[in-house]
Amino acid sequence: MQQWKVGLHSVENSAKLADYRVYPLTPRQKVICMLVGGAAFFTLGFVFFRVVPLALLLSLCGAYAPKYWSGYLLRRRRQNLSLHFKQALYSLSSSLASGRSVENGFREAIDDLKLLYPDGDNDVMRELAIICARMDYGQPVEEALLDFSRRAALEDIENFADVFTTCKRSGGDLVEVVRRTSNLIGEKLEISQEIGVMIAQKRFEAKAMLAAPVLFLLFMQMTSPDYMRPLHQGVGLLISGLALVLFAVCAWLMLKIIDIRI
């Protein structure tokens, strides 16, 4: 009964419903991100310049760390949302094929997902509980599903909600719609996973190539400090700055190349 209470509470406080287009960080998370990012940039600046004021100036770039960490968490959350939604559709398809109503099918999907995720802590289970609670309040299931699709802003969920709504109101074949949608999402996820496996080695190589210049500089500074001293004073600082800019551009390009999404 706990999931129904969560759903009822969410309906009464619709302003608090999750928006899957953003991932807000807590103040504590933001502070930690800025501290970690600032420390990383300070270390990078000190390796290149060996001048504390310049390294401190570069550490200010850590203020942008929460933005990138939030983006990473958002991408991971949306990937999990798509995966769990596919599993829910498989359950819904089985329920409809066995003759259950749409309303009961959504309730059965929650029970099936609880078998896969005993802790019950995933977004799709919470959203299904909200949909069921809204149905208990008398709201049509298609309206609740459309609201979820708007907040999810995922193409697969939006397409399913639109087609489901059309079929529900016009009397289409819901079983076939759910089956095809779940198969389509499953195929896309499989392709995405295959691509991820194929480029996993390239990702590792890219990270190794990004670490190599920094490690090489550290090695040279520890073994031949006199040889590296000209780079840390006068015109050498300008050369080190240009090298750092080129390093940043190369890192950005490498990360963009290996960031393949479907």
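Every residue, even glycine, has its Cβ placed from backbone N, Cα and C.
Residues 25, 55-66, 69, 214, 217-218, 221, 232, 237, 240-241, 243-244 of the same chain, all 6+ positions outside the transmembrane segment (31-49), place their C-beta atoms under 8 angstroms from a C-beta of that stretch. Per TrEMBL, the feature transmembrane segment maps to 31-49 (among others).
Marked as transmembrane segment by TrEMBL: 55-74 (among others).
Under the heading domain 'Type II secretion system protein GspF', TrEMBL lists 89-220.
For 204-222 (among others), the entry in TrEMBL reads transmembrane segment.
Annotation comment: TrEMBL describes 234-255 (among others) as transmembrane segment.
In terms of DSSP helix, strand and coil, the domain 'Type II secretion system protein GspF' (89-220) has 113 helix, 0 strand, 19 coil. The list of residues near the transmembrane segment (204-222) in space but at least 6 beyond its ends in sequence, with Cβ under 8 angstroms from a Cβ of it, reads 44, 47-48, 50, 228, 247, 250-251, 254-255, 257-258.
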